[in-house]
Amino acid sequence: MSEQFIQFPQIDPIIFSLGPISLRWYGLMYLIGFAFAYWLGMKRAKASGGVWNGEQVDQLLYTGFWGVVLGGRVGDVLFYSFDRFLQDPLFLFRIWEGGMSFHGGLIGVIVAMIWVSYRQQRSFWQTADFIAPLIPFGLGMGRIGNFINDELWGRVTDVPWAVLFPSGGYLPRHPSQLYEFLLEGVVLFGILNAFIKKPRPMGSVAGLFLVGYGVFRFVVEYVRDIDPNVNTAADLITRGQLLSLPMIVGGVGVMLWAYRSNKAE
């Protein structure tokens, strides 16, 4: 029966090692995502008519990078592994044993944007609108890293494109990482970068990002395997969906406020 499904490609998560230092596919995917965001950010800065310059983009992306790393790790521990953290506080620092949470990373980036906006004496929403279209590609690369790592796979299914993941018991499962790559990485990137081709009210781009990611993540959670460490309300809604709902509601609220209060930029 397993022959009708797709065998997971056996890929070593470590590309190469030099002594104690190893380069992993997961880390490389994030580096590619960050490099692309840097390139696109510089390109947009040159086209901004002096609103942004290279030094300001450097500061924003550097600070945002640490917001993603620190917020993502703390969020993963608090949202998904809090019981383990209480038993072993040093688990927080062992990133290779747990991973990072998008929602925690988002909180970290928001804190970073508040600080950068203050330093650059500009509106928070101007900063958020600038960085929002840079994010999806990196998210997509992160999901490719999850796929290579044989983690965060989907629920058992009999669809023809089901994948037999080794760590998933070689049961046919939804390749939910690839669904998220397509929706959060490709489709959301296309939507946001098409949206900004015309002048938009301040805050509307950030609001659209929140709605888009929240909706896509909420939908994919229906086929993504439930984290055994997380208890949800009668298994009717996952932790990821609970965390995505405020994004959707908040994003709609931001867009309504933006179109009612601000002029197109």
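Cβ coordinates are placed from backbone N, Cα and C, and glycine is handled just like the others.
Annotated features, as they stand in Swiss-Prot:
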- 14-34: transmembrane segment (TRANSMEM)
- 60-80: transmembrane segment (TRANSMEM)
- 95-115: transmembrane segment (TRANSMEM)
- 176-196: transmembrane segment (TRANSMEM)
- 203-223: transmembrane segment (TRANSMEM)
- 236-256: transmembrane segment (TRANSMEM)
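In summary, the transmembrane segment (95-115) does not lie against the transmembrane segment (176-196): fewer than three C-beta pairs, each 6 or more positions apart in sequence, are under 8 Å. Of the ranges 14-34, 60-80, 176-196, the one with the most Cβ pairs under 8 Å to the transmembrane segment (203-223) is 176-196. Within the chain, the transmembrane segment (176-196) has long-range Cβ neighbours (under 8 A, six or more residues past its boundaries) at 129, 132-133, 136-137, 139-141, 143-144, 146-147, 151-155, 204-205, 208-209, 212-213, 216-217, 219-220, 223-225.
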